[in-house]
């Protein structure tokens, strides 16, 4: 019996592994070739986070504050959302250059494990081990959600946990056993709290469904079972407080706390065109940000699902119960209000319908029930179901084809609603063949193998429709360029002082990526202190502060190094700029910046920024830090402005005279540099390697005082005779003030990788010390061992007061909410152990 169990689960695992390996091998993805999947968020975000996790695991130094996250930020929300999967422990067996290969292997193992989890669920539901179950384990493991989002690898754990949650719910109702349900919900939340939250909602729906199926709500002990289910659910949720509480505190500081009433209106999220998702190629990689629910489940499962409702073998009560569960999940995706609630009260920014895998699971489960009662033995039922499956697909494609034409006839813009007729015909053929196989399956069980092959073909074809439309990176190039850049940056770090920041403005890694790579997360990737960040956990106040200083940000998830000036780079401790050009790395040391902490004037406490006035903000800030009214940034004298129309755009020609010797900066908001051309004395100014679609400070050139300058701007925006657009940095005065800040900098002695900043300073006169570190409740400060107050200044930086004399300054970081989270989790675990023991004793005594 044990051998049969082992063979059953190993079969489910290796069947999936063989298929996903074949798919990856076909596209020559590592470890089967030299390609890697560095597209979308896997390349721009997850890769860097996995590299950082691997660094911490191999060094044994787990810390929760990273100075490589923009100016520095709490890393715990990143860990809790992206990195808590137990599969990530495999990262320790890979080098930093091999993380793309590790990601692929982790994806393969997770998909294989889904098959084992589904096989376990089907075995527990039917109380039998049947190798025909592999039809349904395959359909689940390669459902539309997996094909569409397999590269969002942190979500895949939820598909492993979903069948276990379902088994746990069944055991609560049928056997009054609670451990599996408690553990599965708890681990689902810990592995990924976002989809874990969705599994909590699913557990409630499935509890009601199973209760209806088992007549629970007509039993005498119904309230007792309901109470025990709710108690277990609450204790499981509270037991995950060690993850949820600090994550909640961290996420409240991001741009994801905004409220939009449009996300709660009872509007429709999709139309009949969503029926195309039932077939092969329902959506592609190119459509990943906006498409219908990914509910592909293979033709066989679709036919069996429909047959369940058509077949006389299934009683009406079971049909009603299944309609309730399917209908609830369908409405939750269709109505915007419910869809928003399912997505943690936020409308997804791309990758929609992230709960579609739950709908697919229920469809596959109902199809399994249909197969078990033998609906394929009814010829008329299978014919009807096959016909309806084909009709649904035809309706979907007809809608997708006709809708743009109708909209065009009405005089509106044609929506980007591309479809592929090839996939329509392929899906129809697969539906017909699957229907025929199901018809003959009753007469000869040998056709079961053919049915498996048909499903495998559809799975591979659907996966192919996604990967074939995505660009693939080159692992060999990635390894080589990573090594080069890592060596350069390691050398730069040795040469720089502790606490200085480094900008990587152009990287050789760009060659390894299939799409434009903007280096947002290079600081994390190479463990350097930087400025930029691309993450859904980006601190909103840090973003707003840097935006008001002229740094570029396209949305609430990104902040770039682009837009810095000599003044802001000095403020933030930027010492080196590294860029690659013509296969060579160039290191520029321009800024002579102070460290992360330096003494400033007390006027810093009264300084406030103004939105949309980056250069003015910089000038007033430098005055506040110095305690004077000296103009460091001086408006150019505008002598004249002319405007002419050129091809639906306006050409503005400014004649001006500079008022200081130093770099001339330009800033206007809003302005799309990608659609604007700027010329200085006849030569076009290159804006940036990245596409700058919003406002950012632009360095034009270095000019002497009283120099005549002509600037031309070709744009579709409106300009006027505003001298604030163009300002020169008074370089001599700026450098003089900078020397003072350098001389009064904190001499940092800690490596910044242990949630601690330590240093010494000799204060000649009592003054505030400004830290170019974002303000955070998790920081505490001590001076000579005595705790001091941290002030929030410059919108979102920190400062402490220092008296005259030699001082030892120390900052220590503790994740806000983590201690309370541990206490709540430990207490809740103890309470559940007591609860389960009490129930066990009561059951035994009865």
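Yeah, the Cβs are placed from backbone N, Cα and C, and that goes for glycine too.
Here the transmembrane segment (7-27) has Cβ contacts under 8 Å with residues 33, 35, 104, 107-109, 111-116, 118-120, 123, 129, 131, 133-134, 137-138, 141-142, 456, 459-460, 463-464, 467-468, 472 of the same chain, all six or more residues outside its ends. The transmembrane segment annotation in TrEMBL covers 7-27 (among others).
If you look up TrEMBL, you'll see 134-151 (among others) marked as transmembrane segment.
Residues annotated as transmembrane segment in TrEMBL: 179-209 (among others).
Look at TrEMBL and you will find 229-252 (among others) tagged as transmembrane segment.
Counting same-chain residues at least six beyond the ends of the transmembrane segment (294-311), those with a Cβ under 8 angstroms from any Cβ of the stretch are 135-136, 138-139, 143-145, 147-149, 277-280, 282-283, 319, 322-323, 353, 356-357, 359-360, 363-364, 366-371, 373, 375-376, 378, 381-382, 384-386, 388-389, 427, 430-431, 433-435, 437-438, 451, 454-455, 458-459, 462. The transmembrane segment feature in TrEMBL is assigned to 294-311 (among others).
For 323-345 (among others), the entry in TrEMBL reads transmembrane segment.
Marked as transmembrane segment by TrEMBL: 351-371 (among others).
Marked as transmembrane segment by TrEMBL: 383-402 (among others).
Annotated transmembrane segment per TrEMBL: 422-441 (among others), in sequence order. Sequence-distant contacts of the transmembrane segment (422-441) (same chain, at least 6 residues past either end, Cβ-Cβ under 8 Å): 276, 278-282, 298-300, 302-304, 376, 379, 382-383, 385-386, 389-390, 393-394, 397, 447-448, 450-451, 454, 457-458, 461, 465.
Taken from TrEMBL, the feature transmembrane segment applies to 448-467 (among others).
Residues annotated as transmembrane segment in TrEMBL: 820-838 (among others).
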So, does the transmembrane segment (229-252) come close enough to the transmembrane segment (134-151) to give 3+ Cβ pairs below 8 Å, pairs being at least 6 apart in sequence?
no
So which of 179-209, 229-252, 820-838 is most in touch with the transmembrane segment (323-345), counting Cβ pairs under 8 Å?
179-209
